[in-house]
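Participant: Next up is a structure, given as structure tokens.
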Amino acid sequence: MAFFKFAITLLLLALISARISLAHPGIGIGWGGNGQYGGSFYGLFPQFYQFSCPQVDNIVMSVLQKAIARQPRIAASLLRLHFHDCFVQGCDASVLLDDSAAIVSEKNSVPNRNSLRGFEVIDEIKAKLEEACPQTVSCADIVALAARGSVVLSGGPSWELPLGRRDSRTASLSGSNSNIPPPNSTVQNLIASFKRQGLNEVDLVSLSGGHTIGVARCVTFKQRLYNQNGNNQPDETLERTYYFGLKSVCPRTGGDNNISPLDFASPAKFDNTYFKLVLLGKGLLTSDEVLLTGDVGNIVQLVKSYAEDDELFFKQFAQSMVKMGNISPLTGFNGEVRKNCRLVN
Ligand code: HEM
Ligand SMILES: *[C@@H]1O[C@H](CO)[C@@H](O)[C@H](O)[C@H]1NC(C)=O
């Protein structure tokens, strides 16, 4: 009887898997890790590693837990890494590639140089995954998983994360310079920049809420303190006390690498305080402040609604993160699964 049940189970499994791979050949990639399957449907889906690397999320989370316990800020750095990956030729781990004969690294772009962090944590996750499931989990998926895990471990929302991204064999320094909006952007610049990636104003506001954790260097907000409009005057939208505090960490000359929290009230906690601060004139970057003063469409209304309702913010942030994570992934036969996230195979 027991054997009979076992045989039936095997038969059912065989039928199910045959059906799945006939209907959705893309799923086959998840099974064999590096398998080659024909077919035209290669969407991302949460169960991509269900059979080829079921431990993937546990491994990611255990490395993150230790890294964040050592240094809470690393959660913020890993969240930002995913953003800077996805905005440049899609979420394809292009941002992780080091300079080499064939690669001009994005790590030297204006937004990334002396700024982007978290690469060692990604390396550590990759090394553990290569031991557990060799050549199976892409670096692009690791970055997406690390971003989600970092938000969760900082007290923010979780979400079902579509997986199956593959890694690029190229990087784009010029794309990194042109696609990632600068901190002194106007709200119109921000809207246009997000729109180029298929993201709308709701995504712009909710994802700006990522600034609820982490820090920025003095050089990224100095213009606001001393010369906002080329008139040697500070940005008058800055709340006074906050402004004096910022001047003490960010002098007119020098101190470019001094840091200040993006959400000084709770810099390591993922919550909706960022929006409350923006409403009080205590947003750190011009790009934060213009969500209040830019006066375009329903942007201010969105800031207010997230400031009032943290659940609404969490829900929308999760949705927008999935949307950002779906920007032009490489799937199917495209790209590769890198062995080392810093190098093409
Ligand atoms: C809306 C346009 C955005 C602009 C103009 C912008 C700009 C910046 C700048 C200038 C910094 C500081 C970098 C430095 O000092 O070296 C920063 C930090 C950060 N950004 Fe953004 N950002 C934007 C959107 C986002 C998005 C969409 C996310 C993620 C959802 C994000 C997450 C972060 C995080 C977590 C940090 C802190 C990183 C750390 O402490 O290492 N940002 N951002
Ligand atoms: C933003 O900063 C850059 C670099 O400092 C500068 O060239 C540009 O004019 C600034 N843009 C605005 C709108 O202030």
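Cβ from N, Cα, C; glycine included.
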Participant: Using only what TrEMBL says about Ca(2+) 2 binding by THR212, ASP263, identify which of ASP203, ASP271 is listed for that site too.
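Facilitator: Same Ca(2+) 2 site in TrEMBL: ASP271.
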Participant: According to TrEMBL, which residue among CYS91, CYS133, CYS139 is joined to CYS53 by a disulfide bond?
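Facilitator: Disulfide partner per TrEMBL record: CYS133.
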Participant: For CYS53 (disulfide bond), which of the recorded positions HIS84, GLY90, GLU106, ASP263 has the nearest Cα in space?
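Facilitator: So, of the listed recorded positions, the one sitting closest to CYS53 (disulfide bond) is GLY90.
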Participant: Name the one residue among CYS133, THR212, CYS250, ASP271, CYS341 whose Cα is closest in three-dimensional space to that of GLY90 (Ca(2+) 1 binding site); these are the recorded positions.
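Facilitator: Closest recorded candidate to GLY90 (Ca(2+) 1 binding site) by Cα: CYS341.
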Participant: For the recorded Ca(2+) 2 site formed by THR212, ASP263, ASP271, which further same-chain residues have Cβ atoms within 8 Å of the site's Cβ center?
Facilitator: GLY209, HIS211, ILE213, ALA265, SER266, PRO267, LYS269, PHE270, ASN272, THR273, TYR274
Participant: Run through the Cβ atoms and count how many others sit within 10 Å of the one on CYS53 (disulfide bond).
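Facilitator: CYS53 (disulfide bond): 20 neighbouring Cβ atoms within 10 Å.
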